[in-house]
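Visitor: Pasting a structure here, questions to come.
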């Protein structure tokens, strides 16, 4: 006899529950090789339904390769990709459920805006009237209702980008892939558009993956950021996690500004020596004497005081350069061989009367020192 | 129903024509005859053989021979009518000709028909290498009228003579074979070496020397006699000189291709090609015919023309063709730097 | 961790309908190139290793040929006339193209049209014109200072005329894609004009220059028509092929020379590939197109130069056209239209012209479809594997194959009794296929250039919208490439109208093309009739070219909204 009926039912229930709670997109042990070049190494990632996830990293880190793997444009050499519980690893793009916007937009120059958007709306499911309705709807979503009869060449870069977005969304895909969608635009349009994309994504609730090398863009719009380097995922986390608790020296250095300090663990516990200067770093307490560490500190955490009011343990540093950025003033400092960046508010800046050549007392708050033990 | 009726009407219209077309056998005939000869020859043949249609493929001797040999595995021609016997001998060696003795072929001059039995080819007429002499240029440049080959060695002709390259052109080889036949090989090399000093160029085409002479580019072109006749008819101031010290000649001949799908019609065309009627047509263009007793009507040839032909064993010379051409090449081709 | 030690997933990726379509296309391309190029050519070239009786000869034929005294002379002559032609024609074409693209001289469209003249007529036409001009009875024979036009001078002059359009076309394309920002940067650095020309213009056109040199060199190496008619006995490799095949009916030796002739062409091809790779590295996606500003010191001399060149081109064609109206050069120069009554000279009469038009139309229609689809599949389909590479190489081979060699290869291959495609032989079909393959490379390169300018993600975007690749091909790719497609069609038409060497072995009793009739009439000493037929061909090809311009203008107007 086979197994008793009730037990089977429980299994089915479990499976159903598992499906409900399961992530929308799962990337399991995915690797990709081009000849002898390894573009992706055993990447694992889970993305929940409705999330906005950004792949962030320098060029050549594998972020676009991973996106194209998910799209089925360059299927991975190893591993598995699941979308909505379905193994899509080796499905051709046309049998998957996604829309995509490329850096170049790849708008069809010989078709009007309306024809571009309607391009994928074909077959019996899309009679003419319904198609026209859908195009009008999408045009109004992206705010181009009056541009329907124009050709892409007659539109601005930002407008073209919106057409590409509308076209990618036309089929109501479960997954929206954006491959550096903003990098061809100038700074102001970029900032504006990324917020638009974000709010549109939230309105439609479509799971979205965006590839970018612009950390500000990633921090600004993402639910979670996947930081990648040399074919590996370095860290997955919310923008705050990534910024405040980088998981690796790479993340700390790549995301946001920071000053890098090489140091050695000294005694008593919690003290490190960097270029002969003693610093307090609570995080090194458990480490062995003599261990090499790399520390990072964000400019906004560096505290400045006049030399006369120097707190205990402060370093003496000379201002070597300054950038007035509006909301903050960024100072380049040299404390002996250490080079530091500090950010102060304009008010503070005025109070300090800082100028190149002036010396200040600098404190690096131990709780803000991000410490990484160097690989042995 | 109406459609059926239409089809019936259409068929009724088409069928008689189709039947007629079917009655006539279409023979593909490869030839190197002159363009203007094609129409008279075709008309004569079709008049004699009412159920045969001649479809010509005409090109220069070299191209037609190369095509025939290239197509050897699957011959496209039914009959070759009007091609140099040198080419036919080459094809005979490759076993490409259908042996058949046409009715009446025995009456041909023995030297102008195949010596095999059954015959592999039958001659039509002889054509010779001759001198195309531009009388206007001769006057301008004070060139004496040559009447023998040796006259061409006169230094006055330096840079004024054009002849076909024997490696590229059958006419060139024919001319050379005539000299060899007349003077013996050593004598011929000696003659050619001295002639070489007067030659302006060896052309790749057999007809180019005469064409050039006709255009006044050069005073003397060594070419086929036929060529010269055509040009003079157009108004070129050229005289056709058949040297009195013996000329090489070639035969135009007919043969049936082995593997023809229309053997019966091909045989009947071969029969016609040696007939008196055919010879009369050839005689409009050629001075020496294969069938004795037919008077050629072509003008401008000396009466004793046939005596000027070199009496030599061309078949023997043809067998040595490769070696002779190689020698020729070594002597005159590579080092023939352009002279100005 | 070892980089290469990633475990491989067992399941094979499934092919999408798109991939199946592209793969089918690739196989079609491979089949087409194999059947109509590689196998025929292979059949012939195998002959180089056979004895005349069909036995295996090893390299004996090559040794034989190498010991021929004329070989070195012919090889050397081929090399230096080809090199000299290239060295003469490329700078001239460069200046002409420079005038067309980088100056503000007037009537650019007219200059562009005149530039194409030499391609529009059979090669006999310039040869005849040169004889009328510089021959011993020529109107301008004094110019040669007593030198003869028959020989290397005639070859180089005629080849310069013949190769000019090809070189000028390539260079005009190369010069029209300049990045204005480089020029601005150079002027900002206070570079002199000469220095800018040397450091910006020339390097920018480097690929075009190499390409033009290679194309001209290959064209001269493989052409036998011009050396045959005007070269006198000056031996070159291409006439060696003619000598072996037509003069001696020695196909084995012909094949040997054919292979020898391929060698420099293959070298040239490799050089071209190298230049292409160099270019890929320097191209910038965001170039700002350069718009020349009027400047008299540059525009006037360029205009004068272009006028002189255009006058020479028109003059040469004009002399031949006049030659078609005279009774008999040079003794009876009275004018007549009799030479156009072709039935007087050739039994087929005007039929050859209509046959040519029919054949060229078929070549254009069928050829354009095949060329474009194959180019598309090779450019946008899967790039991995050995097949696409082989197909791409095969597509570039025809440029280096002399027409005579290709024609002979077709006889041997298609006329073989065991060949199931034998039914093609003797009909118009074989002429069409042969011409198409003979002129394949240029059409292919034109298509590839157009396709490479397309956004590389069109197909990916379509796939994401579940639109099959063939729909995108029809709705997007073809409409965008329409000007290039038109260009290919007219190029094929014009080439098929004027070709001689490739089809001389292939025409049948009812399929004699007009260009062959031109050769026949010239051989028969009927130069004026030959010139007349050549002028008729020129008229038809010119009409096709003008038609292309007209259709192109209409297309441009209809599509100006979306073409940048």
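From the backbone N, Cα and C atoms, a Cβ is placed for every residue, glycine too.
Nobody curates TrEMBL annotations by hand; they come from automatic prediction.
Below are the features I grabbed from TrEMBL:
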- C:24-46: transmembrane segment (TRANSMEM)
- C:75-272: domain 'ABC transmembrane type-1' (DOMAIN)
- C:79-98: transmembrane segment (TRANSMEM)
- C:110-133: transmembrane segment (TRANSMEM)
- C:153-175: transmembrane segment (TRANSMEM)
- C:196-220: transmembrane segment (TRANSMEM)
- C:251-271: transmembrane segment (TRANSMEM)
- C:300-325: transmembrane segment (TRANSMEM)
- C:353-548: domain 'ABC transmembrane type-1' (DOMAIN)
- C:359-378: transmembrane segment (TRANSMEM)
- C:390-411: transmembrane segment (TRANSMEM)
- C:423-442: transmembrane segment (TRANSMEM)
- C:484-507: transmembrane segment (TRANSMEM)
- C:527-556: transmembrane segment (TRANSMEM)
Visitor: Same chain, outside the transmembrane segment (C:110-133) by at least 6, Cβ under 8 Å from its Cβ: which residues?
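Guide: Counting only partners 6 or more residues beyond its ends, the transmembrane segment (C:110-133) has Cβ contacts under 8 Å with 96, 99-100, 139-141, 149, 154, 157-158, 161-162, 164-166, 168-169, 172, 223, 225-226, 229-230, 306, 310, 313-314, 316-317, 319-320, 323, 329-330, 494-495, 498, 500, 515, 518-519, 522, 527, 530-531, 534-535, 537-538, 541-542, 545-546, 549.
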Visitor: Which of C:153-175, C:300-325, C:390-411 shares the most C-beta pairs under 8 angstroms with the transmembrane segment (C:196-220)?
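Guide: Most contacts with the transmembrane segment (C:196-220): C:153-175.
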Visitor: Of the listed stretches C:24-46, C:79-98, C:251-271, C:300-325, C:527-556, which one has the most C-beta pairs under 8 A with the transmembrane segment (C:390-411)?
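Guide: Per the Cβ count, the answer is C:24-46.
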Visitor: Which sequence-distant residues neighbour the transmembrane segment (C:527-556)? Criterion: at least 6 residues beyond either end, Cβ under 8 Å.
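Guide: Result: 109, 113, 116, 119-122, 124-125, 128, 317, 320-321, 323-329, 339-340, 342, 344-346, 352-353, 356-357, 482-483, 486-487, 489-490, 493-494, 497-498, 514-515, 517-519, 521, 563.
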Visitor: Under 8 angstroms, Cβ to Cβ: which one of C:24-46, C:153-175, C:423-442 has the largest number of such pairs with the transmembrane segment (C:79-98)?
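Guide: The stretch with the most close Cβ contacts to the transmembrane segment (C:79-98) is C:153-175.
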Visitor: For the transmembrane segment (C:24-46) and the transmembrane segment (C:359-378), does the number of C-beta pairs under 8 Å, pairs 6 or more apart in sequence, reach 3 or more?
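Guide: Yes; at least 3 Cβ pairs under 8 Å.
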